[in-house]
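Pulled from TrEMBL, these are the features on record:
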- 20-42: transmembrane segment (TRANSMEM)
- 54-78: transmembrane segment (TRANSMEM)
- 90-113: transmembrane segment (TRANSMEM)
- 120-137: transmembrane segment (TRANSMEM)
- 157-175: transmembrane segment (TRANSMEM)
C-alpha cells in the first residue's frame, strides 16, 4: 500500500497534459492487451457455449490502477474495438455494460477503501464473478441461446469458476506491478499540480 498516494477527485479524472498523456497511453496498452487475450488467446468449449479467457484482466488492472473512469473507458474500447477487429458473435449492449463494469468496479473499490491490497483485490474479484459473470453475463447469454436462465447458468458454471479463479490468481500476482503503476500515477499527479 502506498502511503503518499492520494485517492482524491483528481485520481478519478486527472488534470494536466502529462497526466492525460500517461493515462491515454496506459489505457491504449491495456485495451490492446485485452483484445489480444480475449479474441486470440481464449479457448472455446462445447460448441462456443463456454469461453475460457483472462481477457478481462487488463480491464480490471486499468480499474485498479487508473481509476473508475479510465477503467470503464478501457472496458468500453476493448469491447467495441474487439468487435471491429475480430467479432465473436453479434454485439450486445449488456455484454458491453459488463466490460465497462469490469473496469469501473475495481476503481470504485480502491477509491472507497483508499488502498490496494490482496483483500481489496479478492473482494472486488468475487463481486465481479458473482454479479457480472454469474448473474448478468448469464442473463445476456439467454438472448442468444433462448434457453431458461437456470439451464444457461448450469451450462456456464464451469467457465464461471475457471475464469473467476484465473482472474483472482492473476490479479493477486499482479499486485506489486499495480502498486508500481500507482506510484507512477502518483508521480504524474504531483508534477501537474
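We number each residue from 1, going along the chain as drawn.
Note: Cβ is positioned from N, Cα and C throughout, glycine not excepted.
Three or more CB pairs closer than 8 A are found between the transmembrane segment (120-137) and the transmembrane segment (54-78), so contact between the two stretches is assigned (pairs 6 or more residues apart).
Counting Cβ pairs under 8 Å that are 6 or more residues apart, the transmembrane segment (157-175) and the transmembrane segment (20-42) reach fewer than 3 and are not in contact. For the transmembrane segment (90-113), the list of distant contacts is 7, 11-12, 56, 59-60, 62-64, 66-76, 78-80, 83, 120, 123-124, 127-128, 131-132, 136-137, 139-140, 143-144: same-chain residues at least six beyond its ends, Cβ to Cβ under 8 Å.
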